[in-house]
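Asker: Sharing a structure, written as structure tokens. Questions coming.
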Amino acid sequence: MPCEGCMERDNKSTDVTMEFLLLGFSELLCLRVLLFLIFLIVHLVTLAGNVMIFMAVVMEPSRPPMLFFLCQLSVIEVCYTLVIVPKALLSLIVVDGNTISFIGCAAQMHLFVALGGAECFLLVAMSYDRYVAICQPLHYVAVMSEAFCLRLAVACCLGSFAVALVLTVAVFRLPFCQSHRINHFFCDVPAVLYLACTQSYTPELPLLAACVVLLLLPFLLILTSYVCIAAALIHVTSSVGRGKAFSTCISHLAITVLHYGCATFTYIRPKSSYSPARDKMVSLVYTNITPLLYPLIYSLRNKEVKGVLRKMLRRKKITQLN
């Protein structure tokens, strides 16, 4: 039996023609202009910072594995913000919210989950790189070869895109209620699930499975890497050596805490505790502020990145002088 109040799926109203209405920040009418300017500036600075790191790493002839992974992280962050922020900016211009098609909403959700998942897997690869560098320094060059790093990067993307596809198909096969107003500025999974005409927790199982694969397992692997690193640093007698080893991990640790903290708060909880206003504020952090902080954290804390950026700026000055 179809649930009461669900959308009719006849020839006149198919999935392809159905539209959702993204309400965005319709309740903040007096702050629209200010929010638009803030989001636009943050978006442009985020793009500039990640593109600058990407160009600096690409122009570097000899790239260690950490720089290779950082380059991929910058590409993911650029794509991540381009999937979400333009639609969010549009929601601040349109007073009554902006529409998005059924296919467009599904595509946005898939890309958002896939890119976020690729970042989770990439953080695992970066933690493994730190583990090999600190715990097995004599084998570092042999283990973290260019071919192995490339395979890790491809596996991160393919794995996350596969999990995101399964989750997106499971969500958009649900019957949706007559109200197709999404109280969010993009097609986030909890916001779309909230519209589903179901009384059971069955529709949340694909989200739970995706959280296990994309969040819990990567986090446990990262935690295992750092437990091994901490155990290895206990046997280092020199405080200078211990501090140097720890400084190579601090940037990765900061990004891991930011990424997993926001994602865990948003996705690992039941549908009954969903709060649109709270979710939108958290989403603002991990779709706008967090991608902005990534290049800043690595630029300020990572010596390799600072060295590459200095080389790029030096080349630019020489080119201008010539």
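Using N, Cα and C of the backbone, Cβ positions are placed for all residues, glycine too.
Here's the feature list from TrEMBL:
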- 49-298: domain 'G-protein coupled receptors family 1 profile' (DOMAIN)
- 66-90: transmembrane segment (TRANSMEM)
- 102-128: transmembrane segment (TRANSMEM)
- 148-172: transmembrane segment (TRANSMEM)
- 184-201: transmembrane segment (TRANSMEM)
- 207-234: transmembrane segment (TRANSMEM)
- 246-269: transmembrane segment (TRANSMEM)
- 281-300: transmembrane segment (TRANSMEM)
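On this model, are these features tucked inside or out on the surface, and what's nearby?
Answerer: Within the same chain, residues 22, 24, 36, 39-40, 43, 46-47, 50-51, 53-54, 57-58, 60, 98, 100, 108, 111-112, 115-116, 118-119, 122, 125-126, 129-130, 146, 149, 152-153, 156, 185-186, 287-288, 291, 294-295, 298, 302, 304-305, 308 sit at least 6 positions outside the transmembrane segment (66-90) and bring their C-beta atoms closer than 8 Å to a C-beta of that stretch.
Proximity of distant same-chain residues to the transmembrane segment (102-128), defined by a Cβ-Cβ separation under 8 Å and at least 6 residues beyond the stretch ends, is recorded for 15-20, 66, 69-70, 72-73, 76-77, 79-80, 83-84, 87, 149, 152-153, 155-157, 159-161, 163-165, 167-168, 171-172, 182, 186-189, 192, 210, 213-215, 218-219, 221-222, 225-226, 252, 255-256, 259-260, 263.
Within its own chain, the transmembrane segment (207-234) has Cβ neighbours under 8 Å at 113, 116-117, 120-121, 123-124, 127-128, 130-131, 134-135, 160, 163-164, 166-167, 171, 189-190, 193, 242, 245-246, 249, 253, 256, 260, 263-264, 267-268, counting only residues six or more beyond its boundaries.
Listed as Cβ neighbours of the transmembrane segment (246-269) (distance under 8 Å, sequence separation of 6 or more from its ends, same chain) are residues 116, 119-120, 123, 126-127, 130, 133-134, 188-190, 207, 211, 215, 219, 222, 226, 229, 233, 279, 282-283, 285-286, 290, 293-294, 297-298, 301-302.
Within the chain, the transmembrane segment (281-300) has long-range Cβ neighbours (under 8 A, six or more residues past its boundaries) at 39, 42-43, 45-46, 49-50, 52-53, 70, 73-74, 77, 80-81, 84-85, 88, 184-186, 188, 251, 254-255, 258-259, 262-263, 265-266, 306, 309.
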